[in-house]
Amino acid sequence: MAARSELLRPAFGEASPSLGRFVINPHSCSYRWWHMFLIMLVLYSAWASPFELSMEKAASIALVVTDLVVDVFFAIDIALSFFVAYRDTSTGLLITDRRKITMRYLKRPCFALDVASTIPLQIIYQLVTGKRQGLWGLLNLLRLWRLRRVSKLFARVEKDIRFNYLWTRLIKLLCVTLFALHFAACIYLWMAFNYKIKELTWIGSQIHSFEDRSVWFCYTCAVYWSITTLATVGYGDLHATNIGEMLFSIAFMLFNMGLTSYIIGNITNLVVRETSNTFKMRDMVQRVSEFGRMNRLPEAMREQMLASVQLRFRTDEQLQQEMLSELPKAVRSGVMKHMFKSAIESCYLFQGVSDSLIVQLVAEMKAEFFPPKANVILENETSTDCYIIISGEVEALTTLADGTEKHVKRIGPRGMAGEIGVMFSIPQPFTIRSRRLTQVVRISHIHLLQAVRPNTADGYIVFSNFIQYLESLKVQTKDVAFVSDHLWNGNSMVLRRATEVAVDESKEAAHKMLPCKEPKRVVIHEQLPNATSTALHPSPGKLVLLPDSMQELMKLSEKKFGKAVRGILTVEGAEVEDIEVIRDGDHLLFS
């Protein structure tokens, strides 16, 4: 029953709290069952206390004996409260010291009210004076202090996901309404039975000698008037006839206004909360439809957009991403590893890699759903992501010279799509389209390279798997122009380097294993001292291949010119800080 936030938690650096002798854990099952038993007694007290007050003859021997038994149980609970550990709100620690527990309970106002609501003051007053009527009968209402336990119960149940929040709130509102009706009806009866002139009461003006009628007849009349007043219908058959009843009716109707507003506001909030996703989906579908009409999109494209939007809401894709993003990174990685590790390990590109690389890859993966006939990747678009098929099926298509699409192959679960463009750093060669409802996980180009670069051995395995896949793809699709062009022509050097590179632990070898474009060629010059104008017309330099890092470039310059190099400048005099900004054919000066 308890929410997770109520579990015991020690302070940072301290061991879990241990309970001392004769100290009760407030979150133990036995103590919670005791609380649930007391809740049943509280419900009885909430009904019996106003009912016994309303009419003297309502307090029968059976009710009096039951009240005494209930008071005994609450007296036992008061005694147990001196042994129940509590949580310090300032530190969040569970206090188990008996002396602190006792002093805290004695100093709190609830101790005095607990005792006052448990002592049978009305019975003692009746035994001493022999009277029950009068204002002393109101002491019986002190037992309503126990209702705070019900409020705490509802607050705890509302946070418990095992219970439906909607029904919990509705039951709470119903209980509040029923208690308000019952309490008002009992007060109306108490005022009528204690007024001197019975004919000048709300019930006496309509029913003569009502005090001789049965208890349940009078109670039914009182509940009837109470509920008509609460519902603001007011048939007029019953009405206030003296000043006291008028004043109480005014107070009761003011209370009814607030209670009605509270109930309407809560129910409205619950209904809106239950239907908010439907409203969002309808609004999004309407906006997508209007967007398609305004921009005169083809009908097939509009249907794809609508299907994607509807699928997104049906699968709660956005909710899943928001939920995962709020989790700590370690927890999120553990969840993603549990969900997608087997799929990645069985994917051809990552077969045989280490578990550490798998963990790095799943940490930033994102799950997505695609409806049937939806384009996952478009041909010739920028290669930013590759996809692993978790369920469903997609097909690879290529566009011929006449504009028609030609089927290349089908890709089922555990297959990959988009990896060719990512590995070669070229536009996507195929259009990838889903054949039915398909779930995929997306790996970004940047994250894939960041995960593979530091892992030299894993990088070798990845690119070896990729080469084998391209070989098999060429055999399967002999008539697809892309495969022959890129496998044997433009990237033949890349493939040879990937297969011939030895597994080296150095950082340079890890970079060489990655597919790269044709090396850049630059001209390096030795900057002449005290010659500002030479920067614009430098002396003839040396044509070299651009290395992979600034450190290698400076070492190469020192080797060529035979002197230490402190920095690298362009011919315009700008200092170069990143090797990536240097273009093919640039002239560089060294200082």
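Cβ coordinates come from backbone N, Cα and C, glycine included.
Note that the structure is predicted; figures quoted are calculated from it, not measured.
Residues or ranges marked as topological domain 'Cytoplasmic' by Swiss-Prot on the basis of sequence analysis: 1-32 (among others).
Here the transmembrane segment (33-53) has Cβ contacts under 8 Å with residues 59, 63, 66-67, 70, 73-74, 77, 80, 137-138, 140-141, 143-144, 146-147, 149-150, 153, 179, 182-183, 186-187, 190, 219 of the same chain, all six or more residues outside its ends. Taken from Swiss-Prot, the feature transmembrane segment covers 33-53 (among others).
Within the chain, the topological domain 'Extracellular' (54-63) has long-range Cβ neighbours (under 8 A, six or more residues past its boundaries) at 48, 132-133, 185-187, 189-190, 193, 215, 218-219, 222. Among the features that Swiss-Prot reports, topological domain 'Extracellular' is placed at 54-63 (among others).
Beyond the ends of the transmembrane segment (64-84), by six or more residues, the same chain brings 22-24, 26, 31, 34, 37-38, 41, 44-45, 48, 52, 98, 101-102, 105, 111, 114-115, 117-120, 123, 146 to within a C-beta distance below 8 angstroms of the stretch. Under the heading transmembrane segment, Swiss-Prot lists 64-84 (among others).
What Swiss-Prot lists as topological domain 'Cytoplasmic' is 85-109 (among others), and the listing cites sequence analysis.
Residues annotated as transmembrane segment in Swiss-Prot: 110-130 (among others).
On the 0 to 100 pLDDT scale, the model's mean across the topological domain 'Extracellular' (131-137) is 64. Annotation comment: Swiss-Prot describes 131-137 (among others) as topological domain 'Extracellular', evidence class sequence analysis.
The annotation transmembrane segment is assigned in Swiss-Prot to 138-158 (among others).
Annotation comment: Swiss-Prot describes 159-172 (among others) as topological domain 'Cytoplasmic'.
Residues or ranges marked as transmembrane segment in Swiss-Prot (evidence: sequence analysis): 173-193 (among others).
Feature annotation from Swiss-Prot assigns topological domain 'Extracellular' to 194-220 (among others); the stated evidence is sequence analysis.
As annotated by Swiss-Prot, intramembrane segment applies to 221-240.
Marked as topological domain 'Extracellular' by Swiss-Prot on the basis of sequence analysis: 241-246 (among others).
Taken from Swiss-Prot, the feature transmembrane segment covers 247-267 (among others), and the record attributes it to sequence analysis. Residues 169-170, 173, 176-177, 180, 184, 187-188, 191, 229-230, 232, 240 of the same chain, all 6+ positions outside the transmembrane segment (247-267), place their C-beta atoms under 8 angstroms from a C-beta of that stretch.
The topological domain 'Cytoplasmic' annotation in Swiss-Prot covers 268-591 (among others), and the record cites sequence analysis as its basis.
Per Swiss-Prot, the feature nucleoside 3',5'-cyclic phosphate binding site maps to 349-469. Spatially close to MET365 (nucleoside 3',5'-cyclic phosphate binding site) yet at least six residues away along the chain are MET336, PHE340, VAL441, ARG442, ILE443, judged by Cβ distances under 8 angstroms. Look at MET365 (nucleoside 3',5'-cyclic phosphate binding site): DSSP puts it in coil.
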Spatial neighbours of the transmembrane segment (138-158) far in sequence, C-beta under 8 Å, 6+ residues away: 1-3, 6, 35, 38-39, 41-43, 45-46, 49-50, 52-53, 74, 113-114, 116-117, 121-122, 125, 165, 168-169, 172, 175, 179
GLU381 (nucleoside 3',5'-cyclic phosphate binding site) CB neighbourhood, other CB atoms within 10 A: 13
DSSP-derived class (H/G/I helix, E/B strand, else coil) of LEU397 (nucleoside 3',5'-cyclic phosphate binding site): strand
Same-chain residues near the topological domain 'Extracellular' (241-246), Cβ under 8 Å, at least 6 residues beyond its ends: 188, 191-192, 195, 200-202, 204-205
Long-range Cβ neighbours of the topological domain 'Extracellular' (194-220) (under 8 Å; 6 or more residues past either end): 51, 54-55, 57-58, 133-134, 185, 188, 237-242, 244-245
Among LEU397, PRO413, ILE461, the one of these binding-site residues whose Cβ has the fewest neighbouring Cβ atoms within 10 Å: PRO413
Three-state secondary structure, PRO429 (nucleoside 3',5'-cyclic phosphate binding site) (per DSSP): coil
Counts of helix, strand and coil residues, the topological domain 'Cytoplasmic' (85-109), according to DSSP: 11 helix, 4 strand, 10 coil
